[in-house]
Amino acid sequence: MTGHDNPTFQDDNLSIPGDYKSTYFPQRPTKFEPENSQTCEESQSGSMPPDKGDQGPKRETWGKGVEFLMSCIAMSVGLGNVWRFPFTALDNGGGAFLIPYLIVLILVGRPIYYMEMALGQFSSRGSVKVYDFAPGMRGVGFGQLAAIISTATYYSSVMALIASYLIDSFKNPLPWSKCREGWINCIDSEGQSDPVNPDSGLTTSSQFYFLNEVLKEKSSIEDGIGLPDPYLTMCLAFSWLVVMLILIKGVKSSGKAAYFLALFPYVVLGILLIRSSTLPGAMNGIIYFIKPQWDQLLNPQVWYAAVTQVFFSLSVCFGNVIMYASFNKFDHNIYRDANIVTTLDTFTSLLAGFTIFGILGHLAHEIGTDDVSTVVVSGAGLAFISYPDAIAKFDFLPQMFSVLFFFMLFVLGIGSNVAMSSNICTVIRDQFPKVKNWQVSMAVSIIGLALGSVYVTPGGQFILELVDYFGASNIVYVLAIGELIALHYVYGMGRFCRDIEFMIGKRPGMYWRLTWGFITPLLLLTIFIYTLAIYSPLTYRGQNYPDSAYACGWTLAAFGVFQLPIWAAVAVIRQSGKTWREKFVGAFKPRPDWGPVVPSIAEKYRKFRATEDSKALFANDGFIHKIKRTLFG
């Protein structure tokens, strides 16, 4: 299913198609090595080397190939795996959700991940400038940039909450384990309560603490969202400071940090899994997590949830993968890395689900019930209500496990936010290459802090849900469909597959072509139409938003989607040509400088393209043959 149908011949460390070696790589000791004394290893530490004194464009590259892999793991394996995936599965059929999730991963997640890796590495361009292959479709890149800015701003506010809990975890007793004066019908972590009105039900001390002490949340935003909380603002500033320090030297510093950001969470997850599996009642929680509800397989909402989870978990169609891959060596083995990351992402989601629900099963056991659903709070409540409450009930060192858990969440958040912020920085530096990296990193962090302060107000969670729904979740489907259309129907799938073959010596097999060309866009289009058909006004904790909030939300969504026609019009106007038809056609063709940025490789690519074009000129141009050539290269 993932095989490659072209015979290859081995040239040192790289497989190069046998038909092309003698023509394009005569007497080369290694693939794409420039004809000077500088080695590929030396070129990795800085910009790509010029050929025979030709000063080509300079661009940073990863210090080592493994730094790229670790950065992708740190980006894709994040908060979505640890707390979003378990409850998404739980709310959509339990163990039965794993079936559509794995199907969507195979038909949507893996193909797009590999596609974006190949696109970024081949072009060495960021997520906007990469659309030089079809300038009329550059609006996809700008729309994704708007979505990633929206996501990065509220993601940082979640990190601020995590930082606040991390600091509180050092206190003895844990501050959310006891009820306080004024908390009516409160039950603490030891099961003690003094209900004023027992018939109205009890609320855990951890939930009171999260809503009243941490968020200081308002019951409504009809009269505004209030002012930023000073303590949470300091936590937010600390989060952005860490991100800025990692980004300040570009991929040289973020690549080194990726080792820790990618590997440390697995150490903590392993410790927590061992601990949770030894707790009384843990197995009940795990069974509750994986128990299938087969009737949910026919529910379109489950498939919608599976696609959304894959998008946010792998960070595809936001431009992050393209950006990271653009710093690779031209012949890096992205086929291997794409398979590693997508497989590891799924494994991590399952590992986190077993760990967390094992602890929640223990929480249910402690309060004397076999029904795990009674202790579960969805959404942000998992990380900030249910899990802290369960930790507070530990007999052995609850502070230690609380510190480990929230430090792990903070590291996961940093890894994802570094990727999003680096994407924004790369887009800016692609447009303004003379601006220094530290200047861009500092500016992005300061602006992110200013925008993120909205979410640490008493009404901040209302705004977070609004921005997430309208600024990221909805428009990502439109932009994903636009990305697939741009690459495989405007640029051409056959040409894209040959580009990959030229780059790494392996032409994509049938599985990749079928998913890229038909299955993935059709599935995304179906889900998008379904989303519109079932639309209902967004609510937060059962409350409707003011009309002005809905208006702002739709304006944000429109801003992202309307980037497509706006930049298409700009590309047509800027295009040279005597007639509007010529301008329009030219706007949807690759720019003359499209392709590899290293001059020596670009020259070989031009010869390669000339040969491929001459083959196509004398090929059978029948309708069936055109379809075959488009689909199968």
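Note that Cβ sites are derived from N, Cα and C of the backbone, with glycine treated the same way.
As written in TrEMBL, here are the features:
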- 1-60: region 'Disordered' (REGION)
- 1-13: compositional bias 'Polar residues' (COMPBIAS)
- 35-47: compositional bias 'Polar residues' (COMPBIAS)
- 65-83: transmembrane segment (TRANSMEM)
- Val77, Asn81, Ser313, Leu412, Ser416: Na(+) binding site (BINDING)
- 95-115: transmembrane segment (TRANSMEM)
- 145-167: transmembrane segment (TRANSMEM)
- 231-248: transmembrane segment (TRANSMEM)
- 260-290: transmembrane segment (TRANSMEM)
- 302-327: transmembrane segment (TRANSMEM)
- 339-360: transmembrane segment (TRANSMEM)
- 396-419: transmembrane segment (TRANSMEM)
- 440-457: transmembrane segment (TRANSMEM)
- 469-491: transmembrane segment (TRANSMEM)
- 511-536: transmembrane segment (TRANSMEM)
- 548-573: transmembrane segment (TRANSMEM)
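Packing against the transmembrane segment (548-573) from elsewhere in the chain are residues 135-140, 142-143, 146-147, 150, 221, 462, 466-467, 469-471, 474-475, 478-479, 482, 537-538, 580, 583-584, 587: each is 6 or more residues past its ends and has a CB under 8 Å from a CB in it. For the transmembrane segment (260-290), the residues of the chain that approach it from at least six positions outside its boundaries are 70-71, 73-74, 77, 82, 86, 89-90, 94-95, 98, 348, 351-366, 370, 372-373, 401, 404-405, 407-408, 411-412, 414-415, 418, judged by C-beta separation under 8 angstroms. In sequence order, Met75, Ser76, Gly78, Leu79, Gly80, Val82, Asp345, Thr348, Gly415 are the same-chain residues whose CB sits within 8 A of the CB centroid of Val77, Asn81, Ser313, Leu412, Ser416, the residues recorded for Na(+) being left out.
Taking pairs at least six residues apart, the transmembrane segment (396-419) and the transmembrane segment (511-536) share fewer than three Cβ pairs below 8 Å and do not count as touching. Residues within less than 8 Å, Cβ to Cβ, of Asn81 (Na(+) binding site) and separated from it by at least 6 positions along the same chain comprise Ser313, Asp345, Thr348, Ser349, Ala352, Leu412.
Looking at which of 65-83, 145-167, 302-327, 339-360, 511-536 has the most CB pairs under 8 Å to the transmembrane segment (440-457), the answer is the stretch 145-167.
When Cβ distances are compared across the two stretches, the transmembrane segment (145-167) makes contact with the transmembrane segment (469-491), since 3 or more pairs at least 6 residues apart fall below 8 angstroms. For Ser416 (Na(+) binding site), applying a Cβ distance below 8 Å and a minimum sequence separation of six or more within one chain yields Ala74, Met75, Gly78, Leu79, Tyr155, Ser315. Within the same chain, residues at least six positions away from Val77 (Na(+) binding site) with a Cβ under 8 Å of its Cβ are Ala262, Pro265, Leu344, Asp345, Thr348, Leu412, Gly415. Within the group of binding-site residues (Ser313, Leu412), the Cβ with the highest number of other Cβ atoms inside 10 Å belongs to Leu412.
If one looks beyond the transmembrane segment (95-115) by at least 6 residues along the same chain, the residues whose Cβ comes under 8 Å of a Cβ in the stretch are 88-89, 289-294, 296-297, 302-303, 305-307, 309-311, 313-314, 316-317, 321, 334-335, 338-339, 341-342, 345-346, 350, 480, 483-484, 487, 508, 511-512, 515-516, 519-520, 523-524. Highlighted: of the candidate stretches 65-83, 302-327, 339-360, 469-491, 469-491 has the greatest count of Cβ pairs under 8 Å to the transmembrane segment (511-536). Listed by sequence, the residues of this chain that lie at least six past the ends of the transmembrane segment (65-83) yet keep a Cβ under 8 A from its Cβ atoms are 158, 251, 254-256, 258-259, 261-263, 265, 269, 309, 312-315, 320-321, 324-325, 327-329, 332-333, 337, 340-341, 344-345, 348-349, 352, 356, 382-383, 387, 408-409, 412-413, 415-416, 418-419. Using a Cβ-Cβ cut-off under 8 Å and counting only residues 6 or more beyond its ends in the same chain, the transmembrane segment (339-360) has close neighbours at 2, 69, 72-73, 76-77, 81-83, 85-86, 89, 98, 101-102, 105, 109-110, 113-114, 266, 269, 272-273, 276-277, 279, 282-283, 285-286, 288-290, 313-314, 372, 375-376, 382, 386-387, 390-391.
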